[in-house]
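K.L.:
Below are the features listed in TrEMBL for this protein:
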{"type": "REGION", "residues": "1-39", "note": "region 'Disordered'"}
{"type": "COMPBIAS", "residues": "1-20", "note": "compositional bias 'Basic and acidic residues'"}
{"type": "TRANSMEM", "residues": "106-128", "note": "transmembrane segment"}
{"type": "TRANSMEM", "residues": "149-175", "note": "transmembrane segment"}
{"type": "TRANSMEM", "residues": "181-199", "note": "transmembrane segment"}
{"type": "TRANSMEM", "residues": "211-228", "note": "transmembrane segment"}
{"type": "TRANSMEM", "residues": "300-321", "note": "transmembrane segment"}
{"type": "TRANSMEM", "residues": "342-360", "note": "transmembrane segment"}
{"type": "TRANSMEM", "residues": "391-409", "note": "transmembrane segment"}
{"type": "TRANSMEM", "residues": "421-438", "note": "transmembrane segment"}
{"type": "TRANSMEM", "residues": "459-480", "note": "transmembrane segment"}
{"type": "TRANSMEM", "residues": "486-507", "note": "transmembrane segment"}
Amino acid sequence: MSNSESREDESKEEDKDNEANKLLQHQSSSSSDNEEEVAYENGDKITIVDFDYVDGDEDSNVTPPFSWKKLWVFTGPGFLMSIAFLDPGNLEGDLQAGAIAGYSLLWLLMWATVMGLLIQLLSARVGVATGRHLAELCRDEYPNWARYVLWFMAELALIGADIQEVIGSAIAIQILSHGVLPLWAGVLITASDCFFFLFLENYGVRKLEAAFAVLIATMGLSFAWMFADTKPNGKELLMGILLPRLSSKTIRQAVGVVGCVIMPHNVFLHSALVQSRKIDPHKKGRVQEAINYYSIESSAALFVSFMINLFVTTVFAKGFYGTKQAKSIGLVNAGQYLEEKYGGGLVPILYIWGIGLLAAGQSSTITGTYAGQFIMGGFLNLRLKKWLRALITRSFAIVPTIIVAIVFNTSESSLDILNEWLNVLQSMQIPFALIPLLTMVSNEQIMGTFRIGPVLERVAWTVAALIMVINGYLLFDFVISEVKGLLFGFVVCSCTAAYVAFIIYLVSRSGALPSSWVNRLPKGFSLTKN
């Protein structure tokens, strides 16, 4: 063999070695990528026991028949999701709607819950069909600059919701401690409780779901007890649900009812929670089965949340509609007004209210922490342990909340104004959760055969547009009444222009606009990915 031939052989061997090393590096990096950010590790997922088939005896494209046992196994994520419909911000919207509008907005509460259910079913569908949650999908779908903007907006919405939830829980602790514990102490207690529940997750997802079931049951029993004590008018209640009524005096409360139901962080959360069950994405029948069970479970969970919201609204409608206190009542003084109106009894209504409010605040704070972990991990693909990511997520909300608690501890009116600002902050973020969700669930490349059909797509976009318009009205009304001064007005107008431009950009990428419209958009709205 010549020297040149031997050198060629050696170079070929080196090339093979280099290719093998590159392949090994790629495999190791891909495996580490898999370990970087997943909603649930395989070992943490609940295995779905098959009650209908023997191994190897099923058609993977056929959906197995309905089973009550399987429904029970799938029950859990929907109830965790429903807690966002029961947080202290929702309860404040309920009590103000009841005190100012009486029974007249119950129909709107029902239909707002139905709209919320549709959005959450689509979120669950994305999570089950793709095996990834919405924040992860956004990371791949949008260019880096848009991804970071979406992450920032989601974090803002989460911080706003978290402040309301923690403050609500702190108010409940203050009530139940006879005022011994100030608001800031309640904030610290609520923050530490969150880590107890995260620790509970180490014993299994079902243990955590059971703990949340206890909190929801506590809310249900507390507010049902109040409902029974106050004896609302059954005829007016039924008319309020079945007969749509809206007057100029109750528009703000109506907007508040709808605005409180759709929480931006909850859209991201539900798509991750459904992955706690082990489902083979390659078996279409199994994916469809999971979607069916999650649809039933989510519907049942939101029916329970609707009944709890109904109890709160009707209690305050019966006690305070048409009274002098109606316009001044809020989350801070609601317990005091209830005590003055209904007095003691076997169990004083003040403490019943405090227990229900505490359960609402604690549960929603913990689900907010979960949402924060999924949002941060999904958008940024962080290589962090769960407890560390939870600590960072908690700090984002707890630090400003403690400042709020100290500053507003003695001022009920200031706390109510802050709550209005927080509601507006969350309303602004609604499009940045709904538009990406509808973009993903309508995309055949992402969803495959599980993309929604054209009729459901139109209905979903109509509901999303309606929700965004209603929240836009709340934003516009708030800006008109609160923004004063030329400089502040200029800043608000500039931010509004950028805000609207980004929404147009997201819609242009969604495929919802006709192609002739998209072609007329400026070059800055290019649909190409980075």
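One is the number of the first residue shown, and numbering goes on along the chain from there.
Cβ atoms are placed via backbone N, Cα and C, with glycine included.
Annotations in TrEMBL come from automatic prediction, not curation.
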K.L.:
Are the transmembrane segment (211-228) and the transmembrane segment (421-438) close enough that 3 or more Cβ pairs fall under 8 Å, when only pairs 6 or more apart in sequence count?
P.N.:
no
K.L.:
Please give the sequence-distant neighbours of the transmembrane segment (300-321): residues at least 6 beyond its ends with Cβ less than 8 Å from one of its Cβ atoms.
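P.N.:
For the transmembrane segment (300-321), the far contacts come to 78-79, 81-83, 85-86, 90-91, 94-103, 105-106, 109-110, 113, 116-117, 120, 216, 219-220, 223-224, 226-227, 230-233, 237, 240, 329, 334, 337-338, 341-342.
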K.L.:
Looking at 149-175, 211-228, 459-480, 486-507, which one has the highest count of Cβ pairs under 8 angstroms to the transmembrane segment (106-128)?
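P.N.:
Ranking 149-175, 211-228, 459-480, 486-507 by Cβ pairs under 8 Å to the transmembrane segment (106-128) puts 459-480 first.
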K.L.:
Is the transmembrane segment (149-175) packed against any residues at least 6 beyond its ends, judged by a Cβ distance under 8 Å, and which are they?
P.N.:
84, 87-89, 91-92, 135, 138, 142, 181-187, 189-191, 263-265, 268, 331-332, 335, 350-351, 353-355, 357-358, 360-362, 364-365, 368, 371-372, 375-376, 379-380, 393, 396-398, 400-401, 404-405, 415, 419, 422, 425-426, 428-429, 432-433, 436, 502
